[in-house]
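As recorded in TrEMBL:
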type: DOMAIN; residues: 1-419; note: domain 'Major facilitator superfamily (MFS) profile'
type: TRANSMEM; residues: 20-45; note: transmembrane segment
type: TRANSMEM; residues: 57-77; note: transmembrane segment
type: TRANSMEM; residues: 83-105; note: transmembrane segment
type: TRANSMEM; residues: 117-135; note: transmembrane segment
type: TRANSMEM; residues: 147-168; note: transmembrane segment
type: TRANSMEM; residues: 231-255; note: transmembrane segment
type: TRANSMEM; residues: 271-291; note: transmembrane segment
type: TRANSMEM; residues: 298-320; note: transmembrane segment
type: TRANSMEM; residues: 326-344; note: transmembrane segment
type: TRANSMEM; residues: 365-388; note: transmembrane segment
type: TRANSMEM; residues: 394-415; note: transmembrane segment
Amino acid sequence: MKDFYNYTYYDRVGEYMNEFYLTLLWSVTVSMFPFGGFLGSLMVGPLVNNLGRKGTLLFNNIFSIVPALLMGFSDLAKSFEMIIVARVLVGICAGLSSNVVPMYLGELAPKNWRGALGVVPQLFITIGILVAQIFGLRSLLANEEGWPILLGLTGIPAVLQLLFLPFFPESPRYLLIQKKDEEAAKRALRRLRGWHDVDAEIEEILEEDRAEKAAGFISVLKLFKMRSLRWQVISIIVLMAGQQLSGVNAIYYYADQIYLSAGVKEDDVQYVTAGTGAVNVLITVCAIFVVELMGRRFLLLLGFSVCFTACCVLTGALAMQDVISWMPYVSIACVISYVIGHALGPSPIPALLVTEIFLQSSRPAAYMVAGTVHWLSNFTVGLVFPFIQVGLGAYSFVIFAVICFLTTVYIFLIIPETKSKTFVEINQIFIKMNKVPGVHPEKRS
């Protein structure tokens, strides 16, 4: 694609870009995705409060289909600007969906299935990455003729969602608490549960509604001001920052060099990368089945601990790979171990916890905060890590090891277990942590 940028520029001005300008333009293109994700996160609250969870997801497909068309026809139009604009738009799509999908699933799931369903969005993210890695093989679409098709295919899931999502019910909690439509909420619950008697679950939602009577709409600013939500807000900031600043993107960035140093042929690195993607999918599937058995807290502690250990050992292996011949293989083991650890807890659990530790009135604002931290952290790692790598070399991963360790300590000391608890029960735990009298956790500031 860099060649496409260069050839397009040559056709316009009669000369090729210099290396600095090409690198700058490519960096802008790459950074537009997390920037769009940041913008999408800021849109979460207003959209889910006005359009509902399902309505927001349907609206969001615009930000997938339009950029797919822009990228698919960019070669024909001889415009790399179309790709840059498309990256912003598809970033908005990712920023919205990465927040609204777990919110939607968390609100419609029964409490004993909430954890498993909460991990499902991360599973499909890993499947999407694996599919992209497979279609991105040079023998398939990662070539001069195929890349516009590869980029254009990204709109297909959005088209499928537009066809099928209208037949699914809206979040019963949204219908009952925010729209005050009890009959619609009952119809939605009956469709979701498959039985007629949903009075007990309606009463549970009404209990949450009664607990929220004094809260009203909670903005992001109000969220930060409220003493009663102090530890919830701090927790989602720590978890989302820890998720991205733990080095997950840096591991993938560095992986190709590690594979090459272990003797993998350059043409075969793409297959090893796809294999790593398959491991990511497999472990995320495992997380779906164990999250309700072992709990969220345990998976977070286990995942960040594995990532911490992998970063420490990887640092030593990279430092000694020129001295000890078998160290590159240790490095590969560290990469795979890190991927396994991150897929168990740090990748899927934080978004699930945002749904669980906030009640209905504060949940949209909480997702705006969580999404903003997520995408800004993602952008920061992408921007800073190449410079860290140049400056620290083999010791780059010490920084990520420290972040993994500190996040693990925070989880151990602060994060409660939320497995099999109602939203109100979880908030009662935080009432005690925030030292607020037990009326309603969002009633006092």
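Note: Cβ is positioned from N, Cα and C throughout, glycine not excepted.
Whatever TrEMBL says is automated annotation, not expert-curated.
Note: the stretches the transmembrane segment (326-344) and the transmembrane segment (394-415) are not in contact (fewer than 3 CB pairs below 8 A, sequence gap of 6 or more). Sequence-distant contacts of the transmembrane segment (231-255) (same chain, six or more residues past either end, CB-CB distance under 8 Å): 223-224, 273, 276, 300, 304, 307, 311, 335, 338-339, 342, 346-347, 349-350, 353-354, 357-358, 362, 366, 369-371, 373-374, 377-378, 380-382, 385, 389, 396-397, 399-400, 403-404, 406-407, 410-411, 414-415, 430, 433-434. Between the transmembrane segment (117-135) and the transmembrane segment (298-320), fewer than three CB pairs separated by 6 or more residues in sequence fall under 8 Å, so the two stretches do not touch. Per-residue pLDDT, averaged across the domain 'Major facilitator superfamily (MFS) profile' (1-419), gives 89.
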